[in-house]
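Please read the structure below before turning to the comments.
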Amino acid sequence: MRQPLASGALLAMAVSVVHDPLLVSCCLSILAASWTYHFISYVGSVFVARGQSGKDLLKPHMPILPESQGVVAGAVYFAIMFLFIPVPFMQWFEWGSIEHGGGVPAFPHERMGQFLSGLLALLSMLFLGFADDVLDIRWRIKLWFPLFASIPLLTVYYVTYGVTHIKVPLVLRGIVGTDLVDLGVVYYVYMSLFCVFCTNGVNILAGINGVEGGQSLILSLSIVFNDLYQIYTSNNRPTIEAHLLSLFFILPFIGVTVGYLFQNWYPAKVFGGDTYAYFAGMTFAVVGILGHFSQTVLLLHLPQIFNFAYSCPQVLGFVECPRHRMPILNKQTLKLEPSRVKLDKTSALGKTMIRILELLYLVDVRRDSKTNEMIECNNLTLINLVIVKLGPSKEWVVTLAIMGLQVLGTLIAVTIRYGLVHVVYN
């Protein structure tokens, strides 16, 4: 315990002389990384003793590792965020500033409400994710989790912002007759579904060491880039404050993710479980909604969007969908190979979907040498597809490939967001 306590003391001294909320957030994020790394090391054995553990199936001897360590990362995150709550509002807490004016404007209750609603949504999702890890809740039930967790967030959004209109692309303005369309309640439905997608986007692109934390780290850094760009190029005060609020949420998340990733990188010492995946996804949803850039956050999820679309034939039941679709380990070569699904019971429509994917070079199909009938294909996940394209690969190589695709997705998203947006919207 000495190392995290020492790092906390040093950073407390640094924070005491720093008055910029953004710098304080950066300092606390460094502390979050240290605490997460060390606390996971300390409590891992406790989780194993309580039965919260799992086998690493992609290792030759299948070691038993602590599971649900996302709850440790989440606990550190909330400890850091609770410490940070007064910092952005420090000028209103100074002696005499509230009672005697002191040149300080009215206390920003709306901004405080947004901050607390974001924390409440994240805390709800962390709890529900841990409940899923412990109780192994069915998909058709846990799919509703993000909808309930988003209610406080959307309620505060309605009270503080209430903006439900969108810009119409140039090509449609002649048809619609205006450049703005008010979606009303449909906009809140969109944001609810946005929360559902974000929380499940990370969770379905999982199954190998480091991939959940790796993709989350790239996504977080992309959001930081977008926030900093908006802050330093915009003259609009509400825009600057919205992106500062986004940074206050995402920087500590980067801290806990780095600490967790050191423990989960190949060969993993722990698993994050659904707890980490849901917590990470809701973090992206919160910053997207409170920062007013949910469309940009969606663009940054291009690999997750592709993975979901690619998985649809199995997820929707047209092709058999086993409970686990992770790759398999070849114990002779110690390399990962794509897991496969039999097609003998697949409907004609399902086989048509597989045939289309085959024509697009997006699936590896094995056929009967005599009849040329499709026998089996790789499970339809981005991870399996990467292995199909790379050939049998080490686990850490596949993780790096997924992170590379996440970086590529970010570059495409930034090009669309800042390069093509003027063409589409003028």
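Even glycines carry a Cβ here, placed using N, Cα and C.
Because TrEMBL annotations are produced automatically, they should be read as predictions rather than curated entries.
The transmembrane segment annotation in TrEMBL covers 28-49 (among others).
Remote same-chain partners of the transmembrane segment (70-93), defined as residues 6 or more beyond its termini with a Cβ less than 8 Å from a stretch Cβ, comprise 19, 21, 24-25, 28-29, 31-32, 35-36, 39-40, 43, 104, 107-108, 111-112, 115, 119, 122-123, 126, 129-130, 244, 248-249, 252-253, 255-257, 259-260, 272-280. Look at TrEMBL and you will find 70-93 (among others) tagged as transmembrane segment.
As annotated by TrEMBL, transmembrane segment applies to 113-131 (among others).
According to TrEMBL, the transmembrane segment annotation covers 143-164 (among others).
Taken from TrEMBL, the feature transmembrane segment covers 184-206 (among others).
Residues annotated as transmembrane segment in TrEMBL: 244-263 (among others). Long-range contacts of the transmembrane segment (244-263) within its own chain (CB-CB distance under 8 A, at least 6 residues past either end) are made by residues 21-22, 25-26, 28-38, 40-41, 69-70, 72-74, 76-77, 80-81, 84, 88, 111, 114-115, 118, 210, 213-214, 216-217, 220-221, 223-224, 227-228, 231, 269-270, 272, 276, 280, 283, 286-287, 290-291, 293.
Per TrEMBL, the feature transmembrane segment maps to 275-293 (among others).
Outside the domain 'DPAGT1 insertion' (340-379), and at least 6 residues removed from its termini, the chain residues within Cβ reach (under 8 Å) are 310, 313-314, 318-322, 325, 385, 387-388. As annotated by TrEMBL, domain 'DPAGT1 insertion' applies to 340-379.
What TrEMBL lists as transmembrane segment is 396-420 (among others).
A mean pLDDT of 93 is what the model gives for the domain 'DPAGT1 insertion' (340-379).
The transmembrane segment (113-131) makes no contact with the transmembrane segment (396-420): fewer than 3 of their CB pairs lie within 8 A, with pairs spaced 6 or more apart in sequence.
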